[in-house]
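Here is the structure we will look at, set down as structure tokens.
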Amino acid sequence: MEEDLFSLAAGKQPSQQATNETAPRAGEARENAGTDHPGNAEDPAHRRIDYLRSELRRHNRLYYEQAEPEISDAEYDALFLELEKLEKAHPELSDPDSPTRRVGGAPLQGFNQIRHAVPMLSIDDIFEQRDAPVPDEELAEFYHKLSRALQTENVPVSVEPKIDGVALSIMYRNGKLAYAATRGDGDVGDDVTANVRTIRSVPLTLPPGAPPVLEVRGEVFMPNEAFAKLNEERDADGLPAFANPRNATAGTLKQLDPRQVAARPLAFLAHGLGAYEGPELRDAKDFWNMLRHCGIPCNEPVYYTDSLESTRQAVRDIDRLRHTLPYGTDGAVIKISSTATREALGATARAPRWAAAYKFPPEQKETTLLNIVVQVGRTGVLTPVAELQPVLLSGSTVARATLHNQDEIDRKDVRIGDTVLVEKAGEIIPAVLKVNLSKRPQDARPYSILEATKGLCPACGNPIMKEEGKVAWRCTNFTCPAQAVTGITHFCSRSALDVESIGSSVAEALRSSGLASSALDLFSLMPDQLANLNLGTPEEPRRYGEKNARKALDALQNARGLPLERWLIAFGIPLVGEVVAKALADTHPDLKHVADSPYLRDIVRLDELVEQAAKTNPNTRENKKAVKEGALSAEAVQERHQELMEEIDRLTAPYLATGYLRKNTAKFSYGSEIGVAAAKSLRSFFASAAGNHTMDVLHRLGINPQSQSYRASLLEIPAGSLSGKTFVITGTLSHPRDYFEQLIASHGGKATGAISKSTSCLLAGNGGGSKRDKALKLGVPVISEEDFYKMIGN
């Protein structure tokens with residue numbers, strides 16, 4: 001990088017086009033995770049580099065696209081730094097798609113995409129290493145690099161707090177907010193204009209004299225006090241707290257319903273500039289003055305320095321001040337002040353050369369883990385939370401830390417009574433890093449969620465379950481009070497009962513007002529109750545209104561007559577999605593028959609019999625050894641195995657005859673989409689207290705959803721024109737995505753979310769670049785909407 005800086009300072013600037021051409025497109029890094037590199041794949045450094053790239057890509061996807069990070073910033077930074085050092089030491093393993101060359105994640109499919117007028121780059125990090133022998137070593141190295149490039153000892157820079165939020169670009173044209181977009185992959189981001197318009201600190205119009213084109217870069221965040229209040233409310237409602245304000249902000253900003261965004265206290269602060277047409281801005285001071293004139297909220301305080309020592313002092317001042325700021329910050333951003341010098345130094349494909357983010361080391365302290373409590377989230381997931389001896393950490397007293405799940409508890413071997421090291425790196429609920437085993441009490445026992453809860457949900461007392469291959473325990477109760485908001489929202493969703501005017505904000509108001517503690521309570525609502533529902537606050541009330549109330553009640557009345565599969569989806573039973581619900585409707589005339597289904601019973605029983613028969617097979621090594629040693633009788637083993645095989649034959653005969661069960665050597669496969677796991681989940685639900693309560697309530701309401709596709713003969717479903725074909729849908733089409741998914745299913749095909757070699761076709765509208773690129777790379781045909789209609793004979 002030094003050579004680039006010297007050549008740039010001498011006037012050799014790369015064109016903007018060249019910079020853009022080196023920047024990877026959305027999704028490329030993940031798709032190229034297995035790209036071959038020169039060098040020996042058995043070399044330890046090569047293997048470690050491949051591993052780090054793969055892990056960083058995965059964490060980028062979790063952070064930027066799903067807003068569900070698994071690791072802290074400090075852990076991510078450690079992986080990133082290790083990869084950078086290895087790549088510098090092994091230039092022969094260079095890869096233009098490495099995470100060290102990328103900005104962030106791909107745009108979400110739920111939003112339209114916007115191409116940034118000027119690439120929205122990230123900023124390179126420099127670190128203060130904990131207990132480093134030379135303080136601020138990387139800061140000094142960065143400053144000296146700028147000095148050498150500019151051939152001057154003193155470089156004027158600005159220093160400001162690094163906001164721990166979500167990057168956002170807001171475009172103003174002729175004084176009006178034109179659009180707002182997330183960073184995305186740096187070139188293309190998600191259009192979140194409707195959501196950003198609900199943020200009160202963002203001006204929708206600028207005063208006279210504002211630049212005709214002004215693209216402001218900044219951070220959306222949730223103020224600390226508002227975030228603490230939000231978590232207090234969730235705690236009072238028995239909901240798990242958000243891990244940190246950034247997670248809450250990212251999840252809120254990516255809601256598809258702006259009303260949900262408006263209900264959350266988001267704020268915005270500007271710190272940078274994208275496209276610009278207006279009076280010349282000579283330096284950072286001009287930039288900040290222009291923003292203030294326009295009424296755009298600015299990141300403060302800003303320090304102006306012109307030496308290494310004064311820059312160090314500014315960083316120390318921000319470190320002291322950061323716990324008093326109204327938002328989370330984990331560092332200080334250092335930028336060259338002069339606009340002309342910034343343009344001369346330019347940028348790499350990933351970040352500007354004229355700026356760096358100085359990261360403070362996360363604070364760590366030991367404390368005692370007093371207890372572990374299990375909370376039930378709004379989706380039914382059980383989360384273990386450590387209750388700690390209160391300790392002062394990063395300017396606030398903390399007394400709890402999330403332990404995430406049972407696997408995390410087992411991996412760290414966390415036990416009640418342990419002395420644990422906790423870290424707060426931008427986390428409101430700190431992370432438990434590790435256990436100090438030297439201080440472990442002798443009577444400390446391994447912790448089990450299943451044992452601690454006795455297998456029952458702490459919120460409702462119904463059974464909990466863990467799906468195969470998943471890490472989370474989950475409450476299966478459709479009417480669990482802890483899941484009220486999510487349950488009602490899902491119940492009313494388009495794929496379920498399609499009660500359009502009841503979303504999550506209305507569901508939250510219904511729950512908090514006591515009008516509905518579960519989805520089935522909706523059928524007992526009176527028009528005046530719903531019309532007078534307050535969607536605002538006590539200080540600023542906002543009525544739901546008669547029009548919305550009538551609309552919702554009409555939709556609920558219409559829902560009574562919706563087909564069986566829609567109701568099965570509405571219940572939110574684990575593993576029962578649209579495909580399984582349709583198969584259940586094909587094989588059962590109504591809901592009562594599903595609740596007491598011989599078919600589901602037989603699927604579960606067959607699985608048990610096959611497992612028992614495998615254990616009693618006289619030809620297994622274990623049984624032969626037991627017979628030889630006299631522990632088992634050969635005749636008894638053979639007799640029991642024969643009994644089981646005969647019962648299997650009796651059970652499967654009618655299903656084999658109709659084609660709903662097929663046998664390949666000793667294995668069975670199902671002619672419908674109802675597999676063993678889904679059958680077990682359904683049986684568990686209808687046998688539970690929650691399932692019985694659901695059926696009782698529906699009986700009182702006179703509701704017994706009917707199938708519109710029931711085949712009494714249990715014959716094989718006729719193959720359609722798309723039978724055996726798998727489709728992926730991308731881009732903007734003439735109808736919503738679920739319209740095409742239903743068309744595909746009705747013609748015997750299947751719609752999935754991810755491209756693979758087994759995908760038959762990619763149905764592509766406008767946009768959808770990354771999936772289109774991957775389809776072409778894998779040789780998957782890309783078809784238009786017109787091509788698709790021809791395939792189904794329309």
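In case you wondered, yes, glycine gets a Cβ from its N, Cα and C as well.
Keep in mind that this is a model prediction, so the values were computed, not measured.
Straight from Swiss-Prot, the features:
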COMPBIAS  13-22  compositional bias 'Polar residues'
COMPBIAS  27-47  compositional bias 'Basic and acidic residues'
BINDING   D73, A74, E75, Y76, D77, S122, I123, E160, R183, E219, K335, K359  NAD(+) binding site
ACT_SITE  K162  active site, N6-AMP-lysine intermediate
BINDING   C457, C460, C475, C480  Zn(2+) binding site
DOMAIN    717-794  domain 'BRCT'
Pairwise CA distance, I123 (NAD(+) binding site) versus C460 (Zn(2+) binding site), rounded so that it is a whole Å: 47
Residues flanking the Zn(2+) site, with Cβ no more than 8 Å from the Cβ centroid of C457, C460, C475, C480 and excluding those residues themselves: V376, G380, P458, A459, G461, N462, I464, T476, N477, P481, A482, Q483, A690
Secondary structure composition of the domain 'BRCT' (717-794) [DSSP: H/G/I, E/B, coil]: 27 helix, 16 strand, 35 coil
Cα-Cα distance linking C480 (Zn(2+) binding site) and the residue listed as 'active site, N6-AMP-lysine intermediate', given in Å to the nearest integer: 41
Count of other CB atoms lying within 10 Å of the CB belonging to I123 (NAD(+) binding site): 19
Surrounding CB atoms that lie within 10 Å of the CB of E75 (NAD(+) binding site), all protein chains: 17
Separation of alpha carbons, C475 (Zn(2+) binding site) and R183 (NAD(+) binding site) (Å): 36
Rounded Cα separation (Å) that holds between C460 (Zn(2+) binding site) and E75 (NAD(+) binding site): 36
Between C480 (Zn(2+) binding site) and E75 (NAD(+) binding site), the C-alpha gap once rounded to whole angstrom: 36
Nearest of the binding-site residues (E75, D77, K335) to C457 (Zn(2+) binding site), judged by Cα-Cα distance: E75
